[in-house]
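Asks: Input: one structure, supplied below.
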Amino acid sequence: MASNGMASSPSSFFPPNFLLHMAQQQAAPPHDPQEHHHHHHHGHHGHHHEQQQQQQHHHHLGPPPPPPPHPHNPFLPSSAQCPSLQEFRGMAPMLGKRPMSYGDGGGGGDEVNGGGEDELSDDGSQAGEKKRRLNVEQVRTLEKNFELGNKLEPERKMQLARALGLQPRQVAIWFQNRRARWKTKQLEKDYDALKRQLDAVKAENDALLNHNKKLQAEIVALKGREAASELINLNKETEASCSNRSENSSEINLDISRTPPPDAAALDTAPTAHHHHHGGGGGGGGGGGMIPFYTSIARPASGGGVDIDQLLHSSSGGAGGPKMEHHGGGGNVQAASVDTASFGNLLCGVDEPPPFWPWPDHQHFH
């Protein structure tokens, strides 16, 4: 059924005289190479004429047809009669000139090319069309609406598209691009503001650091001055204390050198009294003259002597000056009263006896 259908209705792949030419080739006897060789020797000119006729015939009929279909499968050619490469090259231009159609010849290509949604560019125009430039009035109107609100609602988008004569997609894409530019400008403005603030803070920080360094230098200078002043004051205090000590010592030395010792007068009267006593009472019966107190104490009596301890007890017990009696060889000698001041001087003299104190006792013993 399929082979009859193919035979009855010629396909667009094959030329119109394809079946007739194929039948003529099958009816023609096979070509003998020996006869061809003999004919080449005897009638070369006639063979050349036949070749020209065959070429004209092939040119008139077109390229040679493909081999007959396979006996079992009519769509496959037989393996014994496969066409050569040159025959296929000759058929290629004819196949390319005719359109390819399947079945009833519908518009499959049109459906592929025209089916689906139309691809639009960024400004809303189709991919094949040129981009539509907005005029000045449209841009101004869109800018005003963008200033009112950068977000575009569907109703507002439709109104703007109708008012400006644009597609809603064009309006939406313009708003989207405008928002992107606005964000970029805002970022640039924020960056510039932050950069100015950073520069100001850096300058202020540098000024504060310089001021801090100056203050630290002043503190170090003040500390050095305070240390120097404290050292100077300490030196002055030590010098003043040393000078005061030297002045006090000099005053003490002057006082000591100016004031005579308290028992100097008693020491001066001691030798004179000794000479008077020695000259007047040689035989023991001299007159009863006044003699110094210490000489009477040191001189022994005939009947009994007065001890120094008794003298001290008597001086501390009596209110007035003590009176002592000296029994000489011939008469009684009454001792003069001694006041408290002279007695104190005597005690001082006893504490520090001079090396040249004369003791008259050896004279009496002799």
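Even glycines carry a Cβ here, placed using N, Cα and C.
The region 'Disordered' annotation in Swiss-Prot covers 25-81, 94-132, 239-287, 312-336. Residues or ranges marked as compositional bias 'Basic residues' in Swiss-Prot: 36-48. As annotated by Swiss-Prot, compositional bias 'Pro residues' applies to 62-74. Under the heading compositional bias 'Gly residues', Swiss-Prot lists 103-115. The DNA-binding region annotation in Swiss-Prot covers 127-186, and the record cites sequence analysis as its basis. Per Swiss-Prot, the feature region 'Leucine-zipper' maps to 185-229. The annotation compositional bias 'Polar residues' is assigned in Swiss-Prot to 240-252.
Just tell me what is around each of these and how deep it sits.
Replies: Among residues of the same chain six or more beyond the region 'Leucine-zipper' (185-229), none has a C-beta under 8 A of the stretch's C-beta atoms.
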Asks: On average, what pLDDT score does this prediction assign to the DNA-binding region (127-186)?
Replies: 84
Asks: So how many of the residues in the DNA-binding region (127-186) end up helix, strand or coil by DSSP?
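Replies: With helix first, then strand, then coil, the DNA-binding region (127-186) has 43 helix, 0 strand, 17 coil.
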